[in-house]
Amino acid sequence: MRILYPFLAILAVSLIAYLGGKVTGLQYLFGVVLPYLAFAVFIVGFVNRVLYWAKSPVPFRIPTTCGQGKSLDWINQDRLDCPNNKLEVIGRMLLEVFAFRSLFRNTKAEVHDGPKLVYGSSKWLWLFAILFHYSFLIVVIRHLRLFTEPVPSFVALTEFFDGILQIGAPTMYQTDVILLAAVAFLFLRRILSRHVKYISLAADYFPLFLIFAIALSGVLMRFYFRVDVIAIKQLTVGIATLSPVLPAGIHPIFFVHVLLVCILLVYFPFSKLMHMGGVFLSPTRNMSNNSRSVRHINPWNDPSIKPHSYAAYEDEFRDVMKEAGIPVEKE
Amino acid sequence: MYDAGKIIPGLIVFVGLMLFAIYYNVGNKIEDPKPEKPVGYTSCVLPLEEIRAEHMVLLNEWRDEVIREGKREKVEAGGKMYEKSLQNGCMHCHTSQEKFCDQCHKYASVNPYCWDCHVTPEYGKALGEAN
């Protein structure tokens with residue numbers, strides 16, 4: 001059910017959009033109204049969620065330290081894995097955000113005869129995750145050709161390099177293939193690896209199906225149904241310039257694509273996909289491990305509460321304690 | 001709120017990036033592409049809807065048929081026969097690259113490399129006159 005329900009949901013939504021995409025009135029709903037709403041929910045929801053996180057105090061230093069901390073001069077510090085100052089933290093964060101360094105550390109634990117616990121390196125997750133994320137980024141940048149006029153040169157440049165293999169017409173983009181392959185891998189990992197499957201929920205499968213369906217409908221649109229790109233750009237540029245028009249003759253598969261993207265946008269701020277913003281706020285990554293050299297004071301300490309020593313405590317409660325038979329230090 | 005000094009600028013950058021397409025277009029004059037209709041011809045080699053969406057596929061098919069399989073037989077459009085060719089077929093009717101093909105391609109940000117080798121009739125004529 002964890003797998004089937006999300007799958008059926010995506011299927012049903014696609015079907016609704018495909019049938020609705022044939023009706024002009026619904027075309028306006030799917031093509032113009034919902035995208036505006038979804039985008040607004042995405043932006044507001046995202047900002048809201050980050051502000052909500054920002055309200056949580058992080059009074060203690062809780063970085064995960066994966067290396068030697070700063071110590072005596074003659075002991076080498078592992079500066080990226082156990083950062084001691086801002087600069088080192090920035091280095092760690094940059095590598096985390098751009099290179100997924102903590103995923104690179106993914107290991108596989110196996111129990112062998114003996115019994116003996118063995119940890120092996122497991123880089124597949126990192127590899128496909130990085131392929132997936134960068135392909136997705138490039139695909140998003142390429143889509144700007146539909147929302148800008150004239151198209152900025154960095155978009156044209158991205159298109160050029162993405163189609164560098166010059167296969168077929170219209171040119172095949174590598175990232176389309178890589179994105180689909182990577183999502184397929186991430187899905188197979190969840191269902192073939194039994195322990196990963198055991199801890200996977202509908203909320204893990206749903207985004208995978210959703211993103212796969214979005215990419216697939218996009219690929220179908222370009223290579224199979226061959227939608228009228230000029231008409232679609234009139235629609236999308238209209239949206240970006242806040243003066244939407246609905247050209248006639250747009251193929252319904254386009255509305256499937258757009259409705260799925262709208263669902264992704266709305267789902268985003270309320271789901272695990274918020275790791276896009278969350279990675280910057282993870283205290284185990286973005287704090288320096290300097291509690292031995294800097295005193296950190298708990299921000300919610302109430303200054304009117306004075307320290308209360310044991311001696312004073314005993315003075316206050318000596319009679320009661322004696323009555324209850326609790327030993328006291330000073331008779 | 002904690003760390004506002006870092007989180008608020010971060011959010012501003014995020015929202016700024018997300019709204020790029022909206023403010024980028026402000027002040028740009030956006031015109032729909034207007035490919036010039038060929039004069040003196042009434043129909044294309046395919047029905048209008050199809051040629052619009054499928055012309056790149058057709059061109060690739062023609063290329064393969066002509067130079068890989070040697071099938072140079074002509075194609076019919078509006079009762080007349082035309083060469084199965086980019087420069088002598090399509091561009092027999094659509095004479096200008098700039099006023100026809102590029103109109104749409106600039107708008108859709110596609111940059112076919114065909115004219116690196118093939119010459120357009122206009123260019124061919126100018127070349128002939130120059131020599």
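Keep in mind that glycine also has a Cβ here, set from the backbone N, Cα and C atoms.
Quick look at what TrEMBL lists:
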TRANSMEM  A:29-51  transmembrane segment
DOMAIN    A:122-276  domain 'NarG-like'
TRANSMEM  A:124-144  transmembrane segment
TRANSMEM  A:164-188  transmembrane segment
TRANSMEM  A:208-225  transmembrane segment
TRANSMEM  A:245-268  transmembrane segment
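Residues 6-7, 10, 14, 136, 139, 168, 170, 172, 176, 179-180, 183-184, 186-187, 190, 251, 253-254, 256-257, 260-261, 263-264, 267 of the same chain lie 6+ residues outside the transmembrane segment (A:208-225) yet bring a C-beta within less than 8 angstroms of a C-beta in it. Within the same chain, the transmembrane segment (A:124-144) stays apart from the transmembrane segment (A:29-51): fewer than three Cβ pairs sit under 8 Å, each pair at least 6 residues apart.
Long-range contacts of the transmembrane segment (A:164-188) within its own chain (CB-CB distance under 8 A, at least 6 residues past either end) are made by residues 124, 128-129, 131-132, 135-136, 138-139, 142, 205, 208-209, 211-212, 215-216, 218-219, 222-223. Across all of the domain 'NarG-like' (A:122-276), the predicted model scores a mean pLDDT of 95.
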